[in-house]
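Asker: Just dropping this structure here.
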């Protein structure tokens, strides 16, 4: 089937280009120089397609660039791709690499052929249809050229749609009936649009440019409102919308991954209204219409009806997901339908009569071949853990800048790497996702939890124990891209308060810092030993600290961060009935982070049973003693408190006793820096 479709495409393209050359010769031979030069100028946009084809050949690593350049200068670059695809389909068996190579060649050929048809065949079709209609259907050469251009442009759209199905994982082979139905759909819609524009241009001349420009602007704004994510760059995204808006003057192409029923219906409804208005204006509301104009009106209406009927038949009967489309349409029209079956069975896969449909496992191998063959084949040493980060980044950048990456985004109708990975890796259990799509350091960082149970100290008697908290696992990638989790760590507590804040995602440069912070936590947490000693009271004290994990600093053993705690105050657990903990031994603080600020907890107040100290002054004297200690000032780094205009929002409520102590603590904050 591949060879037959490629042969049909080549035959149709050869006939269309031959008729184009014959029409140019015909115009110059009959003295119609204006039409001859206009038909000749239509060939100029083809050089853009040839230049793009040559660049793609170079990106694929083809040798003999000098003769490739000559072929493309002679407008034969697309023909070279036709020859390569037919040769691959006929002479190279059905091995997985051969099928993968054939799919890549067909993808390149379909994309370039569609671009060539839109830039060359579309304008040539409008020109030849106008000449044929202006001659009252008497000039045979422009009529034949217009007919072949019409068929060639329609087949280019069908081939592009088939290419989209080939590039998708677990694709279904299209039957000949589906291809024929798509051809009728495209020919009907294109014929109605071209005839209405040509008939209006025949009467109002240049005003057809106003109609086309207005339609272009409306379609461009509609595309902007749809927010396609195929192109990431802002400048390229705007250019993409402008170009697709120009394409929508003649035909519709889907660039969105969501269901397109409403978009297709809206587009063709607008086209029907525009065509009807243009016909009514061109024929003076069907009063005194000549015979040629009347036949043109009949052709427009019949073409639109044939296109609509073919469109409905294709999506209801011949589409690979036709059963799902029917069920969705019935649910939308008639509400939910009760089914006796517990689960809806998937639609049967369309089987080609020749039996050339690859199964899902073979397709996974082909897709893996397609994407991994874009760069150099990795050596056995590179498959081990010794692969450097620089090599991964270079392979990533080379793949993301390759033209096959653009074709893959067009096929899956999305530019999101996570969605492309999910589509390629979730097709079947045995499908091996290409490593280049899954080796993004940024994605790995998002999927990696910030803390694990092994990294945190787990001793229940440690004075500064970081209890096992909730890990950030199972979070969707879309949420992890916009959310960053900061932990509020409790001393001598079994609870960990997590607050989720809206922050930009961590960059790739911050990932070594995160890894270093985790290593410091694991190493220093094991060294921290020694129980706290104190008395059990009715009221307990819990100290909360906020750690900004995106700005961690490496901790040096030579300059430990010491937490000075008064012996007269007890740090006990918030739960009632907890036995008294022994006295704490001064040890290095296991969490070495910058910008640590004390956050008062629910029970953060001095103990009522502490003798020899007033309840209102115990906390103030403790911090003042820490500030006056010269040995502590020389050995500890100074860490400023956060500014008053930048409060730290926490999920920890504040008790009424804390508010009574604010005046004393505010005076301390103005006199000293905070030491840990």
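Backbone N, Cα and C define each Cβ position, glycine as well.
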Asker: Write down the single range among 495-538, 539-582 that appears in Swiss-Prot as region 'Disordered'.
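Answerer: That would be 495-538, per the region 'Disordered' entry in Swiss-Prot.
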Asker: Name the residue range among 239-259, 323-343, 344-364 that Swiss-Prot annotates as transmembrane segment.
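Answerer: Of 239-259, 323-343, 344-364, Swiss-Prot gives transmembrane segment for 239-259.
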Asker: Can you tell me which recorded stretch out of 37-57, 114-134, 206-226, 239-259 has the most Cβ pairs within less than 8 Å of the transmembrane segment (140-160)?
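Answerer: Answer, by Cβ pair count: 114-134.
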Asker: Where else in the chain does the transmembrane segment (206-226) make close Cβ contacts, counting only residues six or more beyond its ends and a cut-off under 8 Å?
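Answerer: Contacts with the transmembrane segment (206-226): 197, 200, 241-242, 244-246, 248-249, 256, 263, 270, 274, 278.
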